[in-house]
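S.K.: Okay, these came from Swiss-Prot:
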- C7-C28: disulfide bond (DISULFID)
- C13-C33: disulfide bond (DISULFID)
- C17-C35: disulfide bond (DISULFID)
- 26-33: region 'Interaction with Ca(2+)-activated K(+) channels' (REGION)
- K27: site 'Basic residue of the functional dyad' (SITE)
- Y36: site 'Aromatic residue of the functional dyad' (SITE)
Amino acid sequence: VFINVKCTGSKQCLPACKAAVGKAAGKCMNGKCKCYT
């Protein structure tokens, strides 16, 4: 699941993913966060 959060590194996506999908799992792809559900 891509969320509308800009990133430069995967670490930035973990708290954003936790807030968005309830799971702190994801990575930074093409400057945007991708979360795993």
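Quick reminder: no glycine exception, Cβ is built from N, Cα and C everywhere.
Worth saying up front: this structure is predicted, and the values here are computed from it rather than measured.
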S.K.: I need the CA-to-CA distance for K27 (site 'Basic residue of the functional dyad') versus C33 (disulfide bond), whole Å please.
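M.R.: Here the two Cα atoms are 6 Å apart.
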S.K.: Restricting to the recorded positions C17, C35, Y36, which ones have a CA within 10 Å of the CA of C7 (disulfide bond)?
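M.R.: For C7 (disulfide bond), the recorded positions whose Cα atoms are within 10 Å come to none.
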S.K.: What are the helix, strand and coil residue counts for the region 'Interaction with Ca(2+)-activated K(+) channels' (26-33) according to DSSP?
M.R.: 0 helix, 6 strand, 2 coil
S.K.: Only counting partners 6 or more residues apart, tell me which same-chain residues put their Cβ under 8 Å from the Cβ of C17 (disulfide bond).
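M.R.: Counting only residues 6 or more apart in sequence, the Cβ neighbours of C17 (disulfide bond) under 8 Å are I3, K23, A24, A25, G26, C33, C35, Y36.
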S.K.: At the level of the C-alpha atoms, what whole-angstrom distance separates C28 (disulfide bond) and C13 (disulfide bond)?
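M.R.: Given the Cα positions, C28 (disulfide bond) is 7 Å from C13 (disulfide bond).
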S.K.: Near C13 (disulfide bond), which residues of its chain come within a Cβ-Cβ distance under 8 Å, counting only those 6 or more away in sequence?
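M.R.: When sequence neighbours closer than 6 are ignored, C13 (disulfide bond) has V5, C7, G26, K27, C28, C33, K34, C35 within Cβ distance under 8 Å.
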S.K.: Have a look at the disulfide-bonded residues (C7, C28, C33, C35) and report the one with the fewest Cβ neighbours inside 10 Å.
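M.R.: Counting other Cβ atoms within 10 Å of each of the disulfide-bonded residues C7, C28, C33, C35 gives the minimum at C28.
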S.K.: Translate the DSSP assignment of Y36 (site 'Aromatic residue of the functional dyad') into the three-state scheme.
M.R.: coil
S.K.: Including all protein chains shown, what's the count of other C-beta atoms within 10 A of the C-beta of Y36 (site 'Aromatic residue of the functional dyad')?
M.R.: 12
